[in-house]
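Okay, structure first, notes after.
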Amino acid sequence: MSGRFVRASKYRHVFGRSTKKEQCYDNLRITKNAWDTNLIKVNPQYISVNWEASGGGAFAVIPINERGRLPEQLPLFRGHTAAVLDTDWSPFDDSLLASASDDGKVFIWQVPENFTLHTDADEPTDVAPVARLTGHSRKVGHVLFNPSAANVLASSSGDYITKLWDVEAGQTKLNLKHGDIVQSLSWSADGSMLVTTCRDKKLRIWDVRQEKPAQEVQGHTGAKNSRVVWMGEHDRVATTGFSKMSDRQLGLWDIRAAREPMGGFQFLDSISGVCMPFWDDGTQMLYLAGKGDGNIRYFEYENGKFEYLSEYKSADPQRGIAFLPKRGINLHENEIMRAFKTVNDAYIEPISFIVPRRAEVFQGDIYPPTVGLKPSMSASDWFAGKEGLPPKISLESVYEGEEPAEVPAESKPSASTPLTSPPPAASPIKVMGGPSKIKAIQESAAEARAERAAMAEKSEPKLSVEDNKASMASMADRVAAKDAESDDDEDDDSSFEEISKPAERPSASTTAKMEEKTRGPVMAQEPEPSKSKFAPASATPSANKAAAVSSSAAAATASTPTATTPTPASPPSSGGGPGEALKSHLQDIKEQQSRLMSMLEAQNRVMARQSEQIEGLTGEVEKLKAGASTGQAGAGADKEKDEKIRRLELELEEAKS
């Protein structure tokens, strides 16, 4: 088998379906202005297209249901004194749109009710603007409505300023100053942030109501235009542009750490046309359409990166393209997106992107709720600082032919958002078993530190050999008992990663008091091993436990002062009380310690033998190498020596391992 596998995806077989010429929008005169724009914009009711008109600028609005060859004379939307460079539809009113022009003005238009291109009049009546927004000193190249708040509009101009307008009041409220002409702009899903690309090759992410960029980084380094699109409710933006070698690139950026694109720029091809990106938040897909070529690539965003799906190929190149909002697609044909592209500046061709399925019911897995016609707030609330996602509608109700049913908007968690948790409390000992056990051990450690401090204040205390043995045994017993408790808990990987060594050991009486405090005020004559603080350790302790016990014993022996007159320990209480239990458990610890010491000695002997073997092998290898270097023997002998050297080196490596 080749070892390859296919990534599971609902959209792996999405294909683009073109439209017959009879069902396109024909007999158009699309503008030939060289300004880099998409030329057309679309909503579920109308298509706006920049028109090649004399005597000032104009654009046409085409009802989306009036397909075929259009009349020679169309009612145009006139009012600008120079060419119209860009238009944009309001996301919450399908009859309201804005236009930007080379005359430096922004106009607001209202499509008349029951608007149609087919009239009986000899001269169709042109449509006039309902509002004029002035304030830019140079040509206005882009306009874009806020996707969350009603009647909030952004416009960018050749004066290097992006203005934010309150359309209802007809006033500019905020100004975003750039270093050069803005080439593209895109809003975040909640409308609180704006991302722009500029001719100075910088990518800027704006907190618009602060009127300053939250991030400003180097974008695509090529000399041609770059584009940007905000990826819906994610904290990601996608850019398209060119490298210094004029290769087309795709970049994915994290807005919180936008120093460079995630994973670097992705090479697309070496075609010279600008690549126009479009994002579909419902399917998590990115569409890339190139100017001057007829292909449309589409990617799926998954696990923090773009996965290439397929490509729609056409022999007809496009200059402009627009994508229909999700509430206007054909749900009965499993259409997930519909694009409208200009062909030869003469007609507009719809392209449907379809998931191939044989189903006669609503496909809820490919049609999640989408944004409807209701904004989340008014323009005054937005400029006052309010934020929020617009409410969404269920596409299932649209599928059934009913009124769109509203569903509450829920912000999707970003794939790159880290799950944060409160930092753990600083402690030198890592212990499992719950807060009660940790508290008990911390209290015991605090008491031990206090008693050691009190002992340090005394002048040179004399400790007997029996006291040292008892202290060493109690220390080893506490380590073994706590290790045994941590082994029972399978939810942790380790315990007692840090154990501080005390400077001096407490006496046997102090140890007995500490253990009685830990054990409790009353103890039976024969305590249960599972509940006793002095439970004997396992018969087969691990190497880590043996090393801990032996290191504690060595430290205690090294720090024990020689005593000429041993101080007798306090006699145990009669009647088989806690003293008898302590004595029996200490005896068990001593026996276990002797076993551990014997194991360590045997291990040392094995290691000594292995060291001798390694030294012998090393000497033999060196001897053979020295003999081979003289070159006195024949070729056959050299070969045998080389073979023997390799064999001995392998044995040496095995012995070392």
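Positions of Cβ are set from backbone N, Cα and C atoms, glycine also.
Database features (TrEMBL):
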{"type": "DOMAIN", "residues": "4-68", "note": "domain 'DUF1899'"}
{"type": "REPEAT", "residues": "77-119", "note": "repeat 'WD'"}
{"type": "REPEAT", "residues": "133-175", "note": "repeat 'WD'"}
{"type": "REPEAT", "residues": "175-216", "note": "repeat 'WD'"}
{"type": "REGION", "residues": "399-593", "note": "region 'Disordered'"}
{"type": "COMPBIAS", "residues": "446-469", "note": "compositional bias 'Basic and acidic residues'"}
{"type": "COMPBIAS", "residues": "485-496", "note": "compositional bias 'Acidic residues'"}
{"type": "COMPBIAS", "residues": "535-567", "note": "compositional bias 'Low complexity'"}
{"type": "COMPBIAS", "residues": "582-593", "note": "compositional bias 'Basic and acidic residues'"}
{"type": "REGION", "residues": "611-643", "note": "region 'Disordered'"}
{"type": "COMPBIAS", "residues": "626-636", "note": "compositional bias 'Low complexity'"}
Summary of DSSP states over the repeat 'WD' (175-216), given as helix, strand and coil counts: 3 helix, 26 strand, 13 coil
Residues in the repeat 'WD' (77-119) grouped by DSSP into helix, strand and remaining coil: 0 helix, 24 strand, 19 coil
Local confidence of the repeat 'WD' (133-175) - pLDDT mean: 95
Structural state census, the domain 'DUF1899' (4-68) (DSSP three-state): 3 helix, 22 strand, 40 coil
